[in-house]
Amino acid sequence: MKTIRSLNHDILTSGLPAGVDPFAYVSHLNSVTWMPPLSTGTMVFLAVLLVFHVLVAAASSIILLLPYIGKTKRESWFVRKLYIHAASGEKVYDTPLYLVNTGIMMSIWEFLGSISTQMYLFLQIAIHVSPRLASRTQYGPAFSIMLICNIYSYWSTAHGFLTLSYTNKIFVDDSKNLRWLRSPLLINVSFITFPITVAATIAILQTNLCLNFHELQVQLRILQAILSEGSLAWNQFQRTHSSDDQERISFEIAQAWAKADSSAKLFKTIAAPLRDKFLLLRSAMLVFMLATTLVFVFSFWKLTRTFHKKGGRSNNSTYLKSDCSGPSTRNCSVQRRTFARPTPNTKQSFFQTMRSDRQFFRLTMRAFAILLGILTGLTYWLLVSFHIDDVWLNPDWHGFMTWLPALSGSWAAVPLTLQSWRLYQDQKRPPVSSSEHKEDVIPVHIGQAPEGFTFNHDRLSEIKNLDQTSIS
């Protein structure tokens, strides 16, 4: 009985009325603190995003599978290389620029990103519908894959923009300032090492975070079990009238309370480094997102200059020279040639270019959607920096920060999926028959080929599709 009086004194001093089950109260408080509840509006919005990404994943999978089924099949390629030549015919760089089939890459990353986003959203909904899952389920792996796929989508699009800048421009008359920025070697290395670094860093940090989180979940289950036993003993004490039973049960209650107190302290000890590890992931993501922003803005700026200054600095027309063997263009080596041709020295404004060039308009809309996604991702990680405690404890902040990262990858989903579909439609034609022409001169700019140069129109269409797939 003495123990019960002491326990009642602790409860009274903590603000809980005497006679109320302290174990049930602490268990409820612990559940709310561990996973703040989401509002109905937040749950509905998460469900809407889930349905949206189911549709995006279905569309992306169809685009990926269509080339290989049905009567009409297209010949796919993944990587090509392009040597940049000056007007004299000499190579500007000895290193080729490797072109990745951006149409395929966009569909792959959109599919994987939508699948991981679905898993993230589904787990968030399930955890908040059934709090018991909160101590047994982790959404961290799905969250990490979603982050990686989003960054990969941004970088594959930036790669396409840089490729388009290369294949529509000759650098003979350019100054040598910042020449390294357009070096094929730098571009090749950057677009290989950065994605690998992103995936490896996020995987290591998230694995460390998940291991710590798993320890916390185990300790949470232990604490909940102790509180359940204590609550059962408390209810038994309220129903019994025998002094012997009350003394025995009061001793059990005191033991349960001591165990719960010890378990809660251990829980706090395990939870302490979790915050620091999440902030470490935040720091890495801020670095990756800022680097992605710089590269994407630079690539779009280069693309804008290419379209904006068509014919503005030179009276030369640029052509691709392809050396192909066999019916397939898989082994084609594409070279750049420049021929003198009188062109007007025009310089359109940004909006005039958008109105006059449908391709540039589509690329601009896609770039704006991706920039919106990048800014949304940056906003999420900046808010984590300044409001991390609110994100974990405040229901409003927790709900807002639950759907914000999923929204980040949703902005560009529709433009990228539509672009992938357009690329598939452009390439949906029977395989080109074997051509007798071993060398074809392919114009990159709109206009007539110079006199004395003939090209096979079937091969022209095929390599034009190669160029569009690489850059769009």
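Note: Cβ is positioned from N, Cα and C throughout, glycine not excepted.
TrEMBL labels come from automatic prediction, so no person has curated them.
Taken from TrEMBL as is:
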- 43-66: transmembrane segment (TRANSMEM)
- 108-127: transmembrane segment (TRANSMEM)
- 139-164: transmembrane segment (TRANSMEM)
- 185-205: transmembrane segment (TRANSMEM)
- 279-301: transmembrane segment (TRANSMEM)
- 363-383: transmembrane segment (TRANSMEM)
- 403-424: transmembrane segment (TRANSMEM)
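Counted over residue pairs separated by six or more positions, the transmembrane segment (43-66) shares fewer than 3 Cβ pairs under 8 angstroms with the transmembrane segment (139-164), which leaves the two as not touching. Ranked by the number of CB pairs under 8 Å to the transmembrane segment (139-164), the listed stretches 185-205, 279-301, 403-424 are led by 279-301. For the transmembrane segment (279-301), the list of distant contacts is 147, 151, 154-155, 157-159, 161-162, 165, 181, 190, 194, 198, 201-202, 205-206, 209, 367, 370-371, 374, 377-378, 381-382, 384-385, 388: same-chain residues at least six beyond its ends, Cβ to Cβ under 8 Å.
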